[in-house]
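According to Swiss-Prot:
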type	residues	note
ACT_SITE	CYS82	active site, nucleophile
ACT_SITE	HIS173	active site, charge relay system
ACT_SITE	GLU175	active site, charge relay system
BINDING	GLY53, GLU54, SER55, ARG108, ILE134, ARG135	L-glutamine binding site
Amino acid sequence: MITIGILNLQGAVSEHYDITKKAIENMGIEAEAISVRYADEVANCDGVIISGGESTVIGKIIKERGIDKVIKDNRIPVFGTCAGMVLLGKKTDFDQPLLGIMDISVKRNAFGRQVDSFESPISILGEDYLGVFIRAPSLDDYDKTKEDIKVLSKLDDEIIAIQQGHNIAIAFHPELTDDTRIHEYFIEEVLNCVE
């Protein structure tokens with residue numbers, strides 16, 4: 001059985017929890033979704049989801065609690081949405097603590113402020129999907145020399161989803177839809193990692 005930890009610090013935590021449980025049910029696998037807040041809890045997870053919220057605050061808490069060290073030391077796969085995307089990168093356009101486990105540079109609030117939030121049809125993993133964008137970041141750049149990096153989706157010319165190894169960073173909020181496919185994809189990555 002695998003354990004997917006939803007980092008319960010800020011953002012759409014309950015929505016991520018609910019859709020992760022639904023994805024697990026749809027996949028018919030032995031797995032559980034749990035809420036995690038501390039490093040010792042994260043250490044017991046096979047994968048971690050970092051939701052949206054204020055990336056500066058989440059980054060500070062992750063560092064203060066040693067969650068970043070546990071994730072890095074145990075090579076735990078991470079799925080970051082919105083602020084989670086910012087935190088996964090090694091660089092951003094703002095001085096803040098980062099998890100820095102992906103060779104990407106992220107631009108915060110690239111699609112505007114809260115009032116500029118929108119939904120848009122996108123294609124991800126070769127399938128149609130509805131992207132929900134709320135103060136969404138975008139990818140500024142990534143290390144094109146890394147063979148384990150793949151772009152998963154773009155909106156116009158902006159990269160909005162990228163994967164490196166078993167880590168996935170996306171700019172939008174799949175937890176605010178009823179569509180479990182992206183969460184299922186992450187869970188598959190976790191399964192591939194623990195096998």
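Easy rule for this one: first residue shown is 1, then count along the chain.
Every residue gets a Cβ built from N, Cα and C, even glycine.
Here the structure is a predicted model, which means the values were calculated and not measured.
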- line: Residues near HIS173 (active site, charge relay system) by Cβ (under 8 Å) yet at least 6 apart in sequence within the same chain, in sequence order, are ALA12, GLY52, THR81, CYS82, VAL132, PHE133, ILE134
Field: Spatial neighbours of GLU54 (L-glutamine binding site) that are distant in sequence (at least 6 apart) but have CB under 8 A
entry: GLN10, ALA83
Query: Hey, how far is SER55 (L-glutamine binding site) from GLU175 (active site, charge relay system), Cα to Cα, in Å?
result: 17
Query: Across all chains shown, how many C-beta atoms besides its own are within 10 angstroms of the C-beta of ILE134 (L-glutamine binding site)?
result: 21
Field: GLU175 (active site, charge relay system) and GLY53 (L-glutamine binding site), distance between Cα atoms, whole Å
entry: 13
Nearest-integer angstrom distance between the alpha carbons (Cα) of ARG135 (L-glutamine binding site) and GLU175 (active site, charge relay system): 15
Task: In whole Å, note down how far the CA of GLU175 (active site, charge relay system) lies from the CA of ARG108 (L-glutamine binding site).
output: 19
- request: Count the Cβ atoms, other than its own, that fall within 10 Å of the Cβ of ARG108 (L-glutamine binding site), considering every protein chain shown.
  value: 19
